[in-house]
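The block underneath contains the structure these notes are about, expressed in structure tokens.
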Amino acid sequence: MEEVDHLAHERSKAQFDVDAMKVVWAGSKHALDVADRMARLVATDPVFRKDDRPILARKELFKNTLRKAAHAWKRINELRLTEEEASMLRVLVDEPSYVDLHWGMFVPAIKGQGTDEQQKKWLPLAYKLQIIGCYAQTELGHGSNVQGLETTATFDPKTDEFIIHSPTLTSSKWWPGGLGKVSTHALVYARLITEGKDHGVHGFIVQLRSLDDHSTLPGITVGDIGAKFGNGAYNTMDNGLLRFDHVRIPRSQMLMRVSQVTREGKFIVSDVPRQLLYGTMVSVRQSIVSDASRALSRAVCIAVRYSAVRRQFGSQDGSPEMQVIDYKTQQSRLFPLLASAYAFRFVGEWLKWLYADVTQRLQANDFSTMAEAHACTAGLKSLTTSATADGIEECRKLCGGHGYLCSSGLPELFAVYVPACTYEGDNVVLLLQVARFLMKTVSQLGSGKQPVGTTAYMGRAQHLMQYKCDVRGAEDWLKPSVILEAFEARAFRLAVNCGQNISKAPGAEEGFSELSADLVETAVAHCQLIVVSKFIEKVQQDIPGLGIKEQLQILCNIYALSLLHKHVGDFLATGCITPRQGSLANDQLRSLYSQMRPNAVALVDAFNYTDQYLGSVLGCYDGNVYPKLEEEAWKDPLNDSVVPDGYHEYIQPVLKQKFRASRL
């Protein structure tokens, strides 16, 4: 195949130091070096090949994933990789597998909810993969409503055991990754019943399979829930179903850091504050936001590179057709997604800091920021995953017909990513949780209790209610203070309006239910404000590198003004801006697209993704799209023979038969 860098000219236009931007994206020079080393390790190892995933049958696909997970574990141990390096290696292997829930949920839950003794027993086994765990919370009949779970754990004081039982079909555990065929243990969430009283949902470590021959233990029914959306995608994962028929486990296998059951069956709430449980949730949701930036940036990288290579229409005199990326319609759809990828990356960095801060405070018994941090991570999980799922699909459309091919990498990327909108909290349910927090914050404004953290802007209630946008020309929309105050006023006024309307209802819950759609929009506005504010803070930092600050400012302004354009109705309805100011924002947005255009390819190069990781013939670094598309086409098993299987049975009889005129 001809090796030509079709994007070299695009890269020559860059107005900033791409290597410096790679460091900004990675977070540090050290993080960039780790990512580079692990990317090379994965890209050069044939075991980690993934281009054949869409054509493998389910059983082959699953077995291949087991092989990759085992090989990754072998390499981690052989090379004595650090925890940071091992985590990055698993990310770059880029295949959903049982290790995801083991490391992402099972281990953190034991660390967060287990006593010191339980951690000493279970964590060494988990760290060495001598046991493999999953997280069994969601049931066939209940997901987001954890308090509605039906599985029971009834204490038997005669034997000092819990009896785990699935009383109904809908109490079957359903969806846990790794459960179907691999996990030896599960962290099962069940209703704790002792002395005839239901004490709500608690976590229990339950062994599912023999550590000798992997056979299912007595009383346990377990299996895979079947094929899922997409060709490869999450079909590499053995999402499972699980039922218990009076399965007995020792009392010591209830996670007892926050609450315990004594030998006599007494339920005791420990001195450890229940808020500590939120620490694990904040950690998991913070990682989901980071995953969102990674997934969206992959899709955007493919779409930007392909849009620069692809030419269509525009030639009147025999000259080359116009690059698709030069069409304003393409830019208005693509560039806000590029800006969003950077925005989500930076808010993800901030969430890492927030998690560290919350953890430190919790250890000092300071719970003052816990509610705000919980609402913040819930809202940002919802906002970023919804925008990313929609953004990946938009990138597929931006690649035209070729984006529909599995070899584009986009259909599978979408199929792998879209469950994030549901797991770890349905996105609409999470936004309603954020809305409850906002309504409580608004209701306390007159009490003297000052809002903190991401709601601190509500402390300037009088100013925000009287605010008038100070924009006279399009260039005024480039001022960070103007953008920030417009977003603050919009978020605050939407919250106040909802609060006032709820107060008019016969009851608070009735009002909340009636206004739930408005409350979701209010929560979205608050979360968008957080992302915009953190992007502005990032731009205002001292960041070394030629042209870096200028490019980040352009990206930040595109992100903010594209949101303003999309939600202009909110800004107008709440009186934050005038129709003319909205029009001026659009004028400035078009100008920003033109400023981004010369740097678009270089900005996605800064993501530093290898061709192997991208897994896309449309997004390859050299832009040599068409030969690679043909090469992939010929790899399909249908092309193994000239005459297809089934020709003699089904095609030839049709071609050779003689039709007679039918009589009606």
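Just so you know, the numbers here start at 1 and follow the chain as drawn.
For all residues, glycine too, the Cβ spot is worked out from N, Cα and C.
Bear in mind that TrEMBL entries carry predicted annotations, made automatically and left uncurated.
For E424 (active site, proton acceptor), the number of other Cβ atoms no farther than 10 Å from its own Cβ, over all displayed protein chains, is 23. Sequence annotations record features per position, and here TrEMBL assigns active site, proton acceptor to E424.
For T138 (FAD binding site), applying a Cβ distance below 8 Å and a minimum sequence separation of six or more within one chain yields K173, W174, W175, P176. Feature annotation from TrEMBL assigns FAD binding site to T138, G177.
The domain 'Acyl-coenzyme A oxidase N-terminal' annotation in TrEMBL covers 17-132. Counting residue by residue with DSSP, the domain 'Acyl-coenzyme A oxidase N-terminal' (17-132) contains 90 helix, 0 strand, 26 coil.
Taken from TrEMBL, the feature domain 'Acyl-CoA oxidase/dehydrogenase middle' applies to 134-236.
Mean model confidence for the domain 'Acyl-CoA oxidase C-alpha1' (278-439) is a pLDDT of 92. What TrEMBL lists as domain 'Acyl-CoA oxidase C-alpha1' is 278-439.
For 480-656, the entry in TrEMBL reads domain 'Acyl-CoA oxidase C-terminal'.
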Inset, instruction - Using Cβ atoms only, state whether the domain 'Acyl-CoA oxidase C-terminal' (480-656) and the domain 'Acyl-coenzyme A oxidase N-terminal' (17-132) have three or more pairs under 8 Å that are 6 or more apart in sequence. - result: yes
Legend entry - Integer Cα-Cα distance in angstrom, G177 (FAD binding site) to E424 (active site, proton acceptor): 13
Inset, instruction - Enter the number of other CB atoms within 10 angstroms of the CB of G177 (FAD binding site). - result: 26
